Amino acid sequence: MATSLKTSSTFCSTQQNRWLQPTRDLILHSSSHSNVKQCKSKKIKRPASLCVKATSSKVELDFNDPSWKQKFQEDWEKRFNLPSITDIYDLKPRPTTFSLKKNRTPTGDENVDMWNGYVNNDDRALLKVIKYSSPTSAGAECIDPDCSWVEQWVHRAGPRKEIYYEPEEVKAAIVTCGGLCPGLNDVIRQIVFTLETYGVKNIVGIPFGYRGFFEKGLKEMPLSRRLVENINLNGGSFLGVSRGGAKTSEIVDNIQARRIDMLFVLGGNGTHAGANAIHEECRKRKLKVSVVAVPKTIDNDILLMDKTFGFDTAVEEAQRAINSAYIEARSAYHGIGLVKLMGRSSGFIAMHASLSSGQVDVCLIPEVPFTLDGELGVLGHLEHLLKTKGFCVVCVAEAAGQDLLQKSGATDASGNVILSDIGVHMQQMIKTHFKDIGVPADVKYIDPTYMVRACRANASDAILCTVLGQNAVHGAFAGFSGITSCICNTHYVYLPITEVIKAPKRVNPNSRMWHRCLTSTGQPDFH
C-alpha cells in the first residue's frame, strides 16, 4: 500500500501520474509542469526525472542521483520510527512478565531466551511486495518514473522480552470513540485479557468515548476478565461510544488526575487524530503515558492497512440487503433494487459487497465520478438493463455523487461534513426518469446502515480484533506511544499514528480490485 500523499493541486490526477502514488508526504517538483518550480540542487537531465523534497526530514531527492534510494529509505526509517516513552524518560527495562510457558509466575531468575515467543525490536515487515515494471501496470504504485523497487520496512508487532512498566503499578484505560462497529467488544475483551496476563490489576473503561473524560456523572468502569468474558457475543460497545470531545489539554488533565499509565483508543481516522494529539500533549508534559490506538472503521479507509476491524463483517452483513434488493427487483415487473451502503469518503464496502454478492449490476463509489442523465448516464444504462434482463440491482456508497447534490455545509460532532442523501436522491431521480419516458419501474430502496454496523463481528473480524487487541497491549508495555496496532501485507505491525492520519485511504480506480468489480457488474463508464 501507499503512504499518504500531499501533492500540489497543479498536478494531474493519480490515474495520470500513478508513479506519484506512494509518496504522499513528499512535495514533488517536475520540469514537465510549467507552474511548478524545478529543483535547484540538481539540473534535471531527462524529462521524466524529478527531484523530491521530503517535508518531514528536509531531504532532497534527485532521481538522477545514484544514491536517491538510500536517501529515501533513510527518510522512510526516520518517519516510521516508533515514538516511545524512552524518548523523554531515561528508563531501564525489566524482563517481561508475559509468558505462555506453563509457569506463569516468573521468578525473575528465569531465562526468557528459552521461550521463542518474543518479537525482536529489529524485526520488520515489508509494506509492499509487488514490483511494478511500469507506471502503466494496473494499480501501479511507483516512487520514481522508472518504477524502481524500494524496500519500505515497518515495525513488526508482538510481545518483547523487555518492558518499561511494572504491571502491578499500571493503571490502564480503554475508550471507544466514533460510531458503532462490529468487533469493538472483541477488542475490549482481548485488551483486558492480555493486560491481566502481564499482571495488571487496575483496568478501567472510559464510558462514551472522549466524553467520558470530562462529562460530569460519567464514571470510569472497573474491568476484569470475569466481567468482559462474554461481551464479544454481542454487537455494539460495552463501554458506549460518542463523537467529538473536550480539548486535548482537558483530556490530558483528566488522564493525569486519574493517574492513567496506558490509554487504549479504539476508533477511526478522527479518533486516531485525537489519540495522537493526546500522545503529543503527554510528551509535552513529560508524562509516562503510552497512548496506543486500534483502527476501527467499517469503511476500511485508514491509510497503509490491509483492512480495519469491522470491515469484513460489514461487507458480509451488506449481503443481506443486496440479496433482499435482488429478490424484490427480480420478483417485480421492471424491478429496480437500490441499496445504499456506508462509505463516508471511500467506496470499499460498496465495491467489496458488489463483488461478493455477484448480483449487482451497477456499483457507484465516491472515487469514480458519474452522471445520471445523458447517453452515458446511469439512468440510460438502467433503461438498457430493464430492456435486456427485466430488472437490475444498484449499489451506491453514501459519499458517491455528492457533486450532484446540494451541500448542507453542516458537520457532526466529530467535524465530519454531513453528506446529502444520495440514496434518496437516486430513488427519486429513477422514479421520475422512468415516469417521464413512460416506462413502468418498481423501485425498492434499502438503507441498512445501522443494521450493518450494530451486529456482532464475524469469525474473520473476531480473529483480527483478537490479535490487534493483544498487540496493542504488547506495544504499550514495550514503551511505545502514539502508535496504532494494525495489519499490513498480511503481517501484524505497529505504525506511527502520524503516518496513517494524513488522508483517508480511497479506492484506486486503476486498481485490479476495481477492475474486477467492473468486470463483475458489466457496467460502463458513466461520464
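Placed from the backbone N, Cα and C atoms, the Cβ positions cover glycine too.
TrEMBL annotations:
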ACT_SITE  D299  active site, proton acceptor
BINDING   G179, R243, G244, G268, N269, G270, T271  ATP binding site
BINDING   N269  Mg(2+) binding site
BINDING   T297, I298, D299, M342, G343, R344, E398, Y450, M451, V452, R453  substrate binding site
DOMAIN    172-474  domain 'Phosphofructokinase'
SITE      G270  site 'Important for substrate specificity'
Cα-Cα distance linking G343 (substrate binding site) and G244 (ATP binding site), given in Å to the nearest integer: 19
Neighbourhood of T271 (ATP binding site), C-beta criterion under 8 angstroms, separation at least six: C177, G178, V265, A293, K296
D299 (active site, proton acceptor) versus M451 (substrate binding site) - Cα distance in angstrom: 14
Binding-site residues: G244, G268 - member with fewest neighbouring CB atoms within 10 Å: G244
10 Å Cα neighbourhood of G343 (substrate binding site): matching recorded positions from G179, R243, N269, G270, D299: D299
Rounded Cα separation (Å) that holds between G270 (ATP binding site) and E398 (substrate binding site): 18
G343 (substrate binding site), number of other Cβ atoms within 10 Å: 28
R243 (ATP binding site) to T297 (substrate binding site) - Cα separation in whole Å: 14
